[in-house]
């Protein structure tokens, strides 16, 4: 075998960059993979491409191959010793087929989990903003062992199985040959340290449930479902990683007077028919205090009045919303005789036709029994 055959298999020149070699390998690996290409000879082609890439993707093996050919590269490879192995090949293989090992370092610092807390607000608190104390329990660093997980007076030691790497190599025989992948160490669970004498409080986890409280400022104008993020107020991280975050979710209680949509507030005003017909001046409640509203003569049900800047503020700042007052003219019931006469005179004066139901025989009998 000459010193260019591996390059020829990948279709690149001897001066090709690492990116060009990787790109060519990805293309050919996908083209000839046995799970995709069922044509005769595809599997052999795939193995040849794999062999070429295993050598040319490693700088040391590539240098040995360029100087001594395949024999030099195989000598430099040294079987399955070391963590390098098929690392480069597996990362590429994983990107296509989801197999191989993980490139993530399980011993790396990792942020703790986020938490969520629901806070109830009155209608007015949501409008004007407030401050609340949030009390909850979270996983925090163990106070007995200061988060080390080891019994006081002892310390974690380097894991004897993974030698502190947090991962171990596992060789698997496949139809394509021996494959190597990295898995999380089953002794230290990726921490790289063994705890010979676990803390009796946290049982070696380094975490314990603790009561915690924090004050949160609720901005003016919030609505149900909106969240406020408090960085670092979640649960403790792993391997020295930072705490997670706390998300405070707002729940606003309904008002017995108002309804709200965004920055707009709505209020229903009941008027008797005299107020609606003759006009009046009434006090209207708003979240900012009562205001006087002049009701003009002849106001009908459904009429809307706008009170500027009497609504809710916007979370983004700027002008305050408005309040809309919707009129409902209430028809009186249970009129006495004097009121009925007055209404009949009103109808006659306006030439209004009114045809009330005349009482029949059974109506008079019913009235007689009702009067007993």
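Yeah, the Cβs are placed from backbone N, Cα and C, and that goes for glycine too.
Here the structure is a predicted model, which means the values were calculated and not measured.
The domain 'J' annotation in Swiss-Prot covers 5-69. According to Swiss-Prot, the zinc finger annotation covers 129-211, on the basis of sequence analysis. The Zn(2+) 1 binding site feature in Swiss-Prot is assigned to 142, 145, 199, 202. According to Swiss-Prot, the repeat 'CXXCXGXG motif' annotation covers 142-149, 159-166, 185-192, 199-206. Annotated Zn(2+) 2 binding site per Swiss-Prot: 159, 162, 185, 188, in sequence order.
Counting same-chain residues at least six beyond the ends of the repeat 'CXXCXGXG motif' (199-206), those with a Cβ under 8 angstroms from any Cβ of the stretch are 141-145, 147-152, 236.
Residues near residue 202 (Zn(2+) 1 binding site) in space but far in sequence (CB under 8 A, at least 6 apart, same chain), listed by position: 142, 144, 145, 149, 208. Comparing Cβ neighbour counts within 10 Å across the binding-site residues 185, 188, the minimum falls on 185. The DSSP breakdown of the repeat 'CXXCXGXG motif' (159-166), given as helix, strand and coil counts, is 0 helix, 0 strand, 8 coil. Ranking the binding-site residues 142, 159, 162, 199 by how many Cβ atoms sit within 10 Å of each one's Cβ puts 162 at the top.
Counting residues 6+ beyond its ends, the repeat 'CXXCXGXG motif' (185-192) has Cβ neighbours under 8 Å at 106-107, 156, 158-162, 164-168, 239 in the same chain. Taking CA atoms as the reference points, residue 199 (Zn(2+) 1 binding site) and residue 188 (Zn(2+) 2 binding site) are 15 Å apart. Its Cβ taken as reference, residue 145 (Zn(2+) 1 binding site) is surrounded by 25 other Cβ atoms within 10 Å in the chains shown. In the domain 'J' (5-69), helix, strand and coil residues by DSSP number 46 helix, 0 strand, 19 coil. Taking the centre of the Cβ atoms of 142, 145, 199, 202 as the Zn(2+) 1 site, the nearby residues of that chain (Cβ within 8 Å, site residues left out) are 143, 144, 146, 147, 148, 149, 150, 198, 200, 201, 203, 204, 205, 206, 207, 208. The average pLDDT the prediction assigns to the domain 'J' (5-69) is 83. Excluding 159, 162, 185, 188, which define the Zn(2+) 2 site, the same chain contributes 160, 161, 163, 164, 165, 166, 167, 168, 186, 187, 189, 190, 191, 192, 193, 194 within 8 Å (Cβ to the Cβ centroid), listed in sequence order.
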